[in-house]
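Enquirer: First the structure, then my questions, so here it is.
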Amino acid sequence: MAQDAPISQRSSTRAPEDMPTSFGFTTVGEGQKQALVDDVFHKVAARYDVMNDLMSAGMHRVWKDAMVSLLAPPKSGGRPWTLLDVAGGTGDISTRVVRRSGETVNAVVCDINESMLAVGRDRAEKAGLSDLITFSQGNAEELPFPDKHFDAYTIAFGIRNVPDIPKALREAHRVLKRGGRFLCLEFSEVDVPLLDKVYDAFSFNVIPPIGRMVTGDGEPYRYLVESIRKFPHQERFAEMIREAGFERVTYRNYSGGIAALHAGWKL
Ligand SMILES: C[S@@+](CC[C@H](N)C(=O)[O-])C[C@H]1O[C@@H](n2cnc3c(N)ncnc32)[C@H](O)[C@@H]1O
């Protein structure tokens, strides 16, 4: 997989908004990327959940369930326990975590995109979970929360969209309490011969046309596919999580590396 130089090693002599980063296969300034990403998610918000199922053949549900199993939220309802689900979009992870806990924990979905949050709020209300899940607009790079506030931090299929990934990881570390859990689920690098070819063919030739059929526009899905190919390899990403201060960092691949779940602790 072709990759730019690791973001954390780029020259710091330029203004942050001019730092090159990738918007899919296009190189843009960090300052430009967020607006382009926001445009993608404004366009797909209404059909996001349907497209997730179509694009991953339902596999995103399996990977998300595995993430929540590893998180193992408490079920007792003893002391208060709060999850921060960043780039939480329509609230898929938070809904699962709250349900897994027997509806005893609280979750905050934080996302930069109001269109995605609006779909999530609606879903939580219909599921009768509005008292336990709150939706808050915010940037992963500058979280609007105090230090040492949350018991766990999750980010699913969100981190690759963030222009300054090391900054977002440092923010994750800042808002977690000591003993807090960090979990990141992301599309990753396929390490199974042949599967990588099939996956590439499916991603580039099937996903954008499905996107066009379902939403009337294939371009946002081209970005999603390209952005997956630009994301750092599992090992490098684990290193970036360590550089942000997390300890006992591990990862596991799902479906031959189509997705990977990285985990760490704030100790
Ligand atoms: C692919 S969706 C994932 C949504 C959800 N976590 C899931 O797994 O279904 C990516 C989300 O990242 C959000 N996002 C992109 N850049 C962000 C940023 N800088 N801060 C917070 N959220 C961001 C988008 O608005 C979008 O909702």
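Even glycines carry a Cβ here, placed using N, Cα and C.
Keep in mind the model is a prediction, meaning the values are calculated, not measured.
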Enquirer: Looking at TrEMBL, Asp111, Asn139, Ala140 are annotated for S-adenosyl-L-methionine. Which of Thr82, Thr90, Thr215 sits in that same site?
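Expert: Among the candidates, TrEMBL records only Thr90 at this S-adenosyl-L-methionine site.
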Enquirer: Taking the Cβ of Thr90 (S-adenosyl-L-methionine binding site) as the reference point, list residues of the same chain whose Cβ is under 8 angstroms away and which are at least six residues distant in sequence.
Expert: Ala45, Tyr48, Asp49, Met116, Val119, Gly120, Arg123
